[in-house]
């Protein structure tokens with residue numbers, strides 16, 4: 001770095017700020033270009049192969065950024081497809097393995113247990129994949145880890161399509177889950193480390209949009225292949241091989257994360273990647289690169305003397321990291337324990353409960369999947385406009401949806417004659433509730449990927465994402481595997497209103513008081529935010545809520561209205577004061 005560059009490392013926390021004059025910008029670019037040229041001339045053959053990309057001639061940096069975010073998020077389509085396609089495949093799987101003698105009949109207790117495992121082994125495998133994600137991210141890089149996940153997807157999809165026994169189907173679903181776990185943790189990190197702060201929330205949210213789109217494709221695949229005379233379920237489950245191949249080819253056109261490259265001492269290649277993603281002639285983009293370079297180097301130096309297991313412990317022991325972990329894990333807990341994945345896996349069963357036959361159940365499942373997809377779209381395009389806190393409050397609306405679904409199920413508990421007499425009312429309540437629940441959850445679910453991806457510092461980002469992803473799939477497995485048992489014990493009405501709805505209400509109050517706002521902040525600025533003790537964050541959130549009510553009632557000072565409208569958790573002067581105090585405080 002040139003001597004003209006002014007840098008500061010705030011309080012030893014690793015956050016660096018860089019300020020450049022126009023002349024210094026030109027001089028620093030020249031220095032970086034010289035260093036990059038020297039590095040590229042001496043780069044090893046392995047690095048050329050592992051970290052090069054196929055250029056498609058994009059000259060506009062913003063176009064490449066959007067392409068990177070969109071195509072990396074395409075991996076979410078694989079996850080969504082494999083979640084929902086099992087719903088349409090289960091009727092065919094039951095018939096096939098009853099015919100082969102693996103299950104005695106539809107009333108066989110072994111069938112019920114095995115079907116629960118077929119649905120839930122994918123999130124269980126995803127837990128294993130999430131644990132594998134950290135070493136893969138560390139040694140291979142973000143992009144290459146996503147490519148590895150494609151291999152697991154292809155292997156799992158092939159095993160499911162060719163399964164000759166229930167055990168082979170178990171293995172295929174578990175292996176598919178490993179692919180889900182690896183890419184689920186990698187994609188958010190990859191996008192957040194590559195794209196500008198003002199686009200980060202939107203582009204990470206596209207990952208959830210693609211999950212929702214994949215779920216629609218999965219339900220549609222079930223409907224398309226349902227009437228295939230023999231082995232329709234094999235076509236459904238094997239469809240993931242096609243999409244994993246497309247993703248693998250597409251990732252070859254995208255660059256590696258510049259932050260990861262700097263952490264491995266590959267600064268020359270990192271600069272080349274940064275130039276393709278930012279207009280480096282703009283001072284703010286060059287300053288961001290230099291600040292990132294300093295921050296990453298500081299964190300790498302600090303972590304070199306720390307054992308890998310100690311790095312996991314630091315996620316819990318260091319107050320800044322612990323706050324991020326609790327915050328991100330709570331978001332995931334309240335998202336999963338309101339039943340979304342269990343509903344997606346069992347959508348055809350839920351429809352069958354409303355007196356639809358097998359084919360109608362598969363077709364009507366697209367209503368829920370379509371609502372989830374459409375509900376995700378507004379969050380993708382406005383996540384960075386309205387902020388994270390605004391979209392988190394959606395949890396209050398889909399509680400209403402759960403109540404309507406539960407009331408609709410009441411009509412099925414009084415016999416077929418009563419249901420047929422009130423069929424229109426029952427179906428109206430059920431589908432209104434399902435659309436409300438799925439559509440508003442679509443926006444909320446974006447946060448389960450945006451929040452963990454941006455909350456942890458560079459040194460613990462892989463570990464934090466691994467822990468959060470493991471929690472996500474653990475809650476998903478618990479709810480999915482026990483879904484039939486829970487509805488038998490609580491009834492569908494009790495499960496949707498009492499259990500799922502009750503937890504959603506707790507989540508609403510948690511987010512209202514404990515959720516920080518991270519929109520429009522660089523990853524290094526978010527480090528500063530999490531230095532703030534929790535009690536100060538709660539105080540600032542309460543102050544902000546009071547300001548919102550004053551603004552609504554017309555009594556807020558005009559200077560405060562802009563912060564209230566945008567949903568910022570803290571205003572400028574208050575934030576600076578509290579963060580400054582937080583440097584010397586711990587939780």
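Count begins at 1; order follows the chain as displayed.
Glycine residues also receive a Cβ, built from the backbone N, Cα and C atoms like all the rest.
Feature list (source: TrEMBL):
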COMPBIAS  573-587  compositional bias 'Basic and acidic residues'
DOMAIN    68-519  domain 'Major facilitator superfamily (MFS) profile'
REGION    562-587  region 'Disordered'
TRANSMEM  63-81  transmembrane segment
TRANSMEM  115-134  transmembrane segment
TRANSMEM  146-164  transmembrane segment
TRANSMEM  170-191  transmembrane segment
TRANSMEM  203-226  transmembrane segment
TRANSMEM  232-254  transmembrane segment
TRANSMEM  324-343  transmembrane segment
TRANSMEM  363-383  transmembrane segment
TRANSMEM  390-411  transmembrane segment
TRANSMEM  431-452  transmembrane segment
TRANSMEM  464-483  transmembrane segment
TRANSMEM  489-513  transmembrane segment
Chain residues in Cβ proximity to the transmembrane segment (363-383) (below 8 Å; excluding those fewer than six residues from its ends, i.e. six or more beyond): 84, 87-88, 201-202, 204-206, 208-209, 212-213, 215-216, 218-220, 222-223, 343-344, 347-348, 351, 356, 391, 431, 434-435, 438-446, 450, 519
Considering the transmembrane segment (203-226), which listed stretch of 63-81, 170-191, 324-343, 431-452, 464-483 counts the most C-beta pairs under 8 Å: 63-81
Average model confidence [pLDDT] within the domain 'Major facilitator superfamily (MFS) profile' (68-519): 86
